[in-house]
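The NADP(+) binding site annotation in Swiss-Prot covers Gly11, Gly12, Thr13, Gly14, Tyr15, Ile16, Gly17, Arg36, Lys45, Arg142. Look at Swiss-Prot and you will find Lys138 tagged as active site, proton acceptor, backed by a curator's inference. What Swiss-Prot lists as substrate binding site is His271, and the listing cites a curator's inference.
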Amino acid sequence: MDKKSRVLIVGGTGYIGKRIVNASISLGHPTYVLFRPEVVSNIDKVQMLLYFKQLGAKLIEASLDDHQRLVDALKQVDVVISALAGGVLSHHILEQLKLVEAIKEAGNIKRFLPSEFGMDPDIMEHALQPGSITFIDKRKVRRAIEAASIPYTYVSSNMFAGYFAGSLAQLDGHMMPPRDKVLIYGDGNVKGIWVDEDDVGTYTIKSIDDPQTLNKTMYIRPPMNILSQKEVIQIWERLSEQNLDKIYISSQDFLADMKDKSYEEKIVRCHLYQIFFRGDLYNFEIGPNAIEATKLYPEVKYVTMDSYLERYV
């Protein structure tokens with residue numbers, strides 16, 4: 001049996017990072033979790049780190065601003081996965097450029113997976129502002145990786161189920177299904193791709209030692225989870241035995257309503273526009289420099305949205 005790579009996860013206490021840490025440990029990889037010195041003041045993150053340690057992970061304290069300490073950490077591992085936050089309220093994507101410099105100096109890293117886990121930034125050059133900032137910064141990191149000739153895999157995992165399926169993709173900030181009415185974008189029939197976060201972790205770790213994913217983008221497109229917003233709503237209505245009042249909003253009204261929103265709200269709405277009006281998750285064919293995860297790893301029994309939504313009933 002081939003020896004499994006030693007994996008360092010940066011951002012391992014975050015929303016998707018903790019799933020990647022769990023998957024790495026579960027799949028038998030020697031797992032290292034990098035944490036920033038200031039994390040010790042956050043009781044929730046400290047408890048999570050101690051939990052990872054109990055499972056067998058090794059904890060490494062280092063700041064991305066401490067170049068030498070970062071290089072020393074990298075020399076202990078084979079693969080680096082970054083799960084640094086790239087969301088609206090906490091956006092640290094360009095911090096990864098420090099990680100790229102450290103990987104270059106360390107010289108031993110066999111694979112780097114930067115923080116992506118959403119839409120493919122290289123096909124989002126048309127994205128609306130200010131939502132485009134996410135994709136602009138991710139492209140900068142990609143180009144730095146490639147310029148440094150660092151072996152990579154980019155993971156495009158589409159919509160996190162917890163944020164999108166759990167809320168039926170509503171704008172109200174609630175992460176539970178609505179009980180009376182639901183907002184539908186356009187006619188509600190544009191296809192999207194909804195993915196369980198634990199499955200994102202599993203597919204990500206599966207890819208790190210696979211030569212088929214080397215220097216490629218890996219899309220996670222579970223066939224049974226390629227669904228429109230309306231189809232996800234119908235699943236929820238069937239499970240909950242409750243019919244929701246449907247409120248439809250046109251693309252014109254949706255965009256017009258953005259004008260008076262905060263910067264953060266505009267970013268969220270831009271991304272929703274790309275997904276549910278333009279269909280940017282599924283309106284393209286996977287090219288020769290990319291590969292699809294469920295075809296690569298058919299042994300993974302991914303969570304369907306029917307199954308996922310049962311927890312909310």
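Backbone N, Cα and C define each Cβ position, glycine as well.
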**Report entry** Pairwise Cα distance for Lys45 (NADP(+) binding site)/His271 (substrate binding site) [Å, integer]
**Finding:** 28
Query raised in the report: Do any residues at least six apart in sequence from His271 (substrate binding site), in the same chain, have a Cβ closer than 8 Å to its Cβ, and if so which, in order?
Result: Met119, Gly131, Thr134
Report task. For the recorded positions Lys45, Lys138, work out the Cβ neighbour count at 10 Å and name the residue with the minimum. Result -> Lys45
Query - Helix, strand or coil at Lys138 (active site, proton acceptor) [DSSP, three-state] - result: helix
Query raised in the report: Could you give the maximum C-alpha to C-alpha distance in Å for the residues Gly11, Gly12, Thr13, Gly14, Tyr15, Ile16, Gly17, Arg36, Lys45, Arg142 that bind NADP(+) per the record?
Result: 28
Report task. Would you mind listing, in sequence order, the residues at least six apart from Gly17 (NADP(+) binding site) in the same chain with a Cβ closer than 8 Å to its Cβ? Result -> Ile9, Val10, Gly11, Ala83
Query raised in the report: Secondary structure at Gly17 (NADP(+) binding site) (DSSP, helix/strand/coil)?
Result: helix
**Report entry** Cβ neighbour count (within 10 Å, all chains shown) around Thr13 (NADP(+) binding site)
**Finding:** 23
Query - Pairwise CA distance, Tyr15 (NADP(+) binding site) versus Lys138 (active site, proton acceptor), rounded so that it is a whole Å - result: 18
Report summary line: Cβ neighbour count (10 Å, all chains) around Tyr15 (NADP(+) binding site) is 16
**Report entry** Distance from the residue listed as 'active site, proton acceptor' back to Thr13 (NADP(+) binding site), taken between C-alpha atoms, in Å
**Finding:** 21
